[in-house]
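Undergrad: After the structure tokens below, expect a handful of questions from me.
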């Protein structure tokens with residue numbers, strides 16, 4: 001092993017120690033009793049569901065590579081627990097911009113980190129992943145502040161942009177990493193890795209209604225609409241998988257990604273939809289755009305832009321989030337137009353401008369900051385691993401085969 005990689009023994013532990021000391025000092029002086037961040041006090045069941053979803057669900061969801069299982073689950077856990085502490089710190093610093101500090105919001109925000117990690121899975125070393133996670137959370141909160149302060153987007157809706165931001169931030173970051181050599185076969189999956197990944201998908205699927213409803217005012221509507229959207233997207237995933245495969249069989253990669261599309265698509269409007277059939281239509285469309293998007297992106301978009309989105313977060317989270325953004329605008333226009341009998345078009349136009357502006361700002365911020373972060377991660381100081389070391393646990397873990 002080249003000597004320049006032995007410094008991980010020194011860099012990773014000392015980086016973690018420095019960050020944990022910073023978080024400890026900040027919490028010690030700013031949250032002596034913790035009461036003002038554990039709010040509301042009766043939300044623990046939903047909080048527990050979201051915690052399971054982010055740590056266990058996404059940890060196994062990322063186990064798509066045959067020789068990268070330890071890193072997929074272990075590093076995801078490390079990034080989440082670091083990210084929650086960083087989120088609490090950043091939220092407290094940004095209270096001036098009307099973002100209330102909450103442990104639930106901190107956990108939900110780390111979903112962006114888990115999604116972005118899927119795009120660079122196997123290519124980024126632990127130091128790069130830690131730096132990427134902290135930088136991404138800062139930029140995500142900055143994007144939320146812009147939407148909240150200047151566009152007057154409700155606080156809980158700015159948080160639901162987490163899928164959009166995480167997917168496009170990750171795609172932008174992975175575009176700055178060198179491509180693996182053509183003969184490298186470690187970036188393949190096996191039936192065992194796909195089975196574990198599907199286990200994570202099932203956990204994420206089960207707990208997604210809590211994710212969409214934990215901060216919503218209308219929790220019953222959010223849970224009901226999310227479940228119907230997820231159910232329809234799961235049924236559509238099996239149907240479309242058999243229709244689009246060459247031999248008419250189910251493909252695990254389709255099921256793995258498309259069954260979650262309904263939860264992502266409905267995230268912006270789950271609390272406001274009054275008729276469950278609308279949620280079911282959005283779930284169906286989310287599954288369709290995920291499976292069709294996976295074909296188009298993997299065959300056309302990714303090779304043209306030299307992207308290697310390892311776990312397919314672009315079509316699993318990015319495209320359904322864009323569909324959900326469009327659906328939110330359409331539903332807002334219909335709802336407000338009918339309630340005002342289409343008489344107040346100026347007010348309606350302003351609402352459309354705010355919604356479109358919030359989504360465009362989120363995507364633009366994610367792409368620009370992701371490109372900058374990707375360039376920073378590939379400087380020599382952060383010790384980028386050689387492409388021959390991609391997708392392999394043995395470089396970071398004690399592994400016995």
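Keep in mind that glycine also has a Cβ here, set from the backbone N, Cα and C atoms.
Sharing the features that TrEMBL gives for it:
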type     : residues : note
DOMAIN   : 15-381   : domain 'Ammonium transporter AmtB-like'
TRANSMEM : 12-29    : transmembrane segment
TRANSMEM : 49-65    : transmembrane segment
TRANSMEM : 77-99    : transmembrane segment
TRANSMEM : 127-146  : transmembrane segment
TRANSMEM : 158-175  : transmembrane segment
TRANSMEM : 195-215  : transmembrane segment
TRANSMEM : 222-243  : transmembrane segment
TRANSMEM : 277-297  : transmembrane segment
TRANSMEM : 317-338  : transmembrane segment
TRANSMEM : 350-379  : transmembrane segment
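I'd like these features described in context: how deep, what's nearby, how far apart.
TA: Among residues of the same chain six or more beyond the transmembrane segment (12-29), those with a C-beta under 8 A of the stretch's C-beta atoms are 82, 85-86, 88-89, 92, 126-127, 130, 134.
Cβ atoms under 8 Å from those of the transmembrane segment (49-65) belong to residues 72-73, 76-77, 80, 104, 107-108, 110-111, 114-115, 117-118, 121-122, 186-189, 193-194, 196-197, 199-201, 203-204, 207-208, 210-211, 214, 256, 310-311, 391 of the same chain, restricted to positions at least 6 beyond its ends.
The list of residues near the transmembrane segment (127-146) in space but at least 6 beyond its ends in sequence, with Cβ under 8 angstroms from a Cβ of it, reads 8, 11-12, 15-16, 19, 75, 78-79, 82-83, 86-87, 90-91, 94, 97, 99, 109-110, 112-113, 116-117, 120, 158-159, 161-162, 165-166, 169, 173, 361-362, 365-366, 369-370, 373, 376-377, 382-384.
Same-chain residues lying 6+ beyond the ends of the transmembrane segment (158-175) with a Cβ under 8 Å from its Cβ atoms: 99, 105, 108-109, 111-120, 123, 132, 136, 139-140, 143-144, 147-148, 212, 215, 264, 267-268, 305-310, 313-314, 316-318, 320-322, 325, 358-359, 362-363, 365-371, 373-374, 377.
Tertiary proximity for the transmembrane segment (195-215) is limited to same-chain residues at least six positions away from its ends with a CB under 8 Å from its CB atoms, namely 43, 45-47, 49-50, 52-53, 56-64, 69, 102, 104-105, 108, 111, 155-156, 159-160, 189, 222-223, 226-227, 230, 234, 252, 255-256, 259-260, 263, 266-267, 270-271.
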Undergrad: Determine which residues of the chain contact the transmembrane segment (277-297) at the Cβ level, with the cut-off under 8 Å and only residues 6 or more beyond its ends counted.
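TA: Apart from its flanks, the transmembrane segment (277-297) reaches 224-226, 228-234, 236-237, 240-241, 244, 253-254, 257-259, 261-262, 264-266, 269-270, 309, 312, 314-316, 319-320, 323-324, 327, 331.
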